[in-house]
C-alpha cells in the first residue's frame, strides 16, 4: 500500500523552508500532496492559482509531489485524496501549541489521520512567508529564502 502524505499550507509564497520540508517528506513517503489552502481570511498576496503555479514550478524536480489547491476541511480533503498522513513543519516551540490543537482536531474528525512534524533545517528555521514578504516590502534582499521563480514573482508583485 502506498504511503500518501499531505503537506498543507497557505504557501503565500512557498519558501526554501517549505521546499526543505517537502523534499525531506518525499524521501519518507511514496506520494506527497502539497495542498495549498485558499485561505481567503488570510488575504493572501498571491491568488490560489498563482500559488499553485509557483509551487508546481518550484517542486518540478521532485518526482513524487503533486501540487493542488483546496478549500475544504483538511480531514475531508485527506479522506478524498486517500491520504492518512499530514506533514507539518515546526520552526519553534511557539508553533507547537497551535499545531497540537490542529492535530487533535484533525484526528477527531478522521481518526486514522496522523500528523508528522518535521523540523526545518537550521538554515530555514527562522523564516516564514510573512517575514519574507515584509522584508521584501522594505527592499531587503530575500533572494536566499525563495526559489528563483518565486523571488521573481514576489518582486513583480511588489512593483
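Cβ atoms here come from the backbone N, Cα and C positions, even for glycine.
Here Swiss-Prot flags 10, 11, 18, 89, 90, 91, 99, 124, 125, 126, 127, 128, 129, 130 as ATP binding site. What Swiss-Prot records for 10, 42, 74, 88 is substrate binding site. Residues annotated as site 'Transition state stabilizer' in Swiss-Prot, with sequence analysis given as evidence: 18.
Features per Swiss-Prot, on structure.
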{"residue": "10", "record": "ATP binding site", "CB count, 10 Å": "17"}
{"residue": "18", "record": "ATP binding site", "CB count, 10 Å": "26"}
{"residue": "42", "record": "substrate binding site", "CB count, 10 Å": "12"}
{"residue": "74", "record": "substrate binding site", "CB count, 10 Å": "19"}
{"residue": "88", "record": "substrate binding site", "CB count, 10 Å": "21"}
{"residue": "90", "record": "ATP binding site", "CB count, 10 Å": "17"}
{"residue": "99", "record": "ATP binding site", "CB count, 10 Å": "16"}
{"residue": "125", "record": "ATP binding site", "CB count, 10 Å": "14"}
{"residue": "127", "record": "ATP binding site", "CB count, 10 Å": "21"}
{"residue": "129", "record": "ATP binding site", "CB count, 10 Å": "25"}
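Put simply, 88 is the one of the binding-site residues 42, 74, 88 whose Cα lies nearest to the Cα of residue 127 (ATP binding site). Residues 10, 42, 74, 88, recorded as binding substrate, reach a greatest CA to CA spacing of 19 Å.
Following the DSSP three-state reduction, the secondary structure of residue 125 (ATP binding site) is coil.
The closest partner of residue 74 (substrate binding site) among the binding-site residues, by CA position, is 10; the full candidate set was 10, 18, 90, 129.
Calculated from their C-alpha atoms, the gap between residue 88 (substrate binding site) and residue 99 (ATP binding site) amounts to 8 Å. In the three-state DSSP scheme, residue 99 (ATP binding site) is classed as helix.
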